[in-house]
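Please read the structure below before turning to the comments.
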Amino acid sequence: MATSSTFSSLLPSPPALLSDHRSPPPSIRYSFSPLTTPKSSRLGFTVPEKRNLAANSSLVEVSIGGESDPPPSSSGSGGDDKQIALLKLKLLSVVSGLNRGLVASVDDLERAEVAAKELETAGGPVDLTDDLDKLQGKWRLLYSSAFSSRSLGGSRPGLPTGRLIPVTLGQVFQRIDVFSKDFDNIAEVELGAPWPFPPLEATATLAHKFELLGTCKIKITFEKTTVKTSGNLSQIPPFDIPRLPDSFRPSSNPGTGDFEVTYVDDTMRITRGDRGELRVFVIA
């Protein structure tokens with residue numbers, strides 16, 4: 001056949017080809033580069049198996065060096081994971097220096113809102129009906145949009161301690177047990193005292209029970225407040241603060257509250273309060 005003889009004329013003698021697989025002869029390397037036929041189409045009939053491998057090897061080299069295949073697409077879960085990781089870092093960089101929102105300006109609030117919405121959109125709708133265990137654990141409050149306005153951004157069940165005595169707020173946590181349905185708001189506080197007494201350091205735990213409403217709304221019901229002193233008074237055992245009777249409880253503090261979980265993964269959680277308060281938590 002003409003095609004076979006033409007192809008054979010391009011190949012060197014078998015001994016020369018078999019003697020050096022690492023550097024195929026130039027005639028093979030350049031004669032195959034313009035061909036568009038399959039790599040194995042013309043080798044099997046005239047070249048022994050070992051020479052066929054050597055020729056195929058040089059053909060692959062030419063193909064990669066000349067017209068390379070397109071890189072694999074980054075779409076799918078891998079690309080989504082990278083995008084979400086970048087958006088999480090963006091949100092953290094926006095809110096990390098705001099002292100949980102206490103020193104946030106109007107511009108800071110807007111930047112935090114935009115960064116949170118981008119992450120919420122990328123994460124998609126939250127459905128906790130089969131994944132309630134995503135809430136399990138102790139979460140540290142990193143940011144609250146309500147703190148900048150000195151508002152708590154919605155109804156807050158529990159004792160209105162801040163109205164009775166001056167309180168300086170420290171770290172705030174949420175401890176959630178999806179099995180017992182316990183939902184504890186834990187706040188490190190410093191209670192003011194008249195001079196010359198030092199302020200009282202304590203940890204207040206507002207115990208609740210929670211239930212899931214729909215796919216992502218959490219309703220909490222207040223049960224009790226427990227205080228554990230620290231510092232010089234750490235030897236005092238924990239004690240409960242009596243719950244106010246319903247007749248004395250202000251209308252803004254009905255004993256229940258709710259919020260929506262708008263984003264959650266293994267390390268971060270975003271919630272929206274019943275008055276739109278944005279909160280960002282990280283796993284403790």
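Cβ from N, Cα, C; glycine included.
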What range among 1-47, 95-141, 142-188 does Swiss-Prot record as region 'Disordered'? 1-47
DSSP three-state assignment for Ser105 (phosphoserine): coil
Mind checking which of Ser96, Ser105 has the fewest other CB atoms within 10 A of its CB? They're the modified residues. Ser105
Taking the Cβ of Ser148 (phosphoserine) as the reference point, list residues of the same chain whose Cβ is under 8 angstroms away and which are at least six residues distant in sequence. Gly101, Leu102, Val103, Ala104, Ser105, Asp108, Leu109
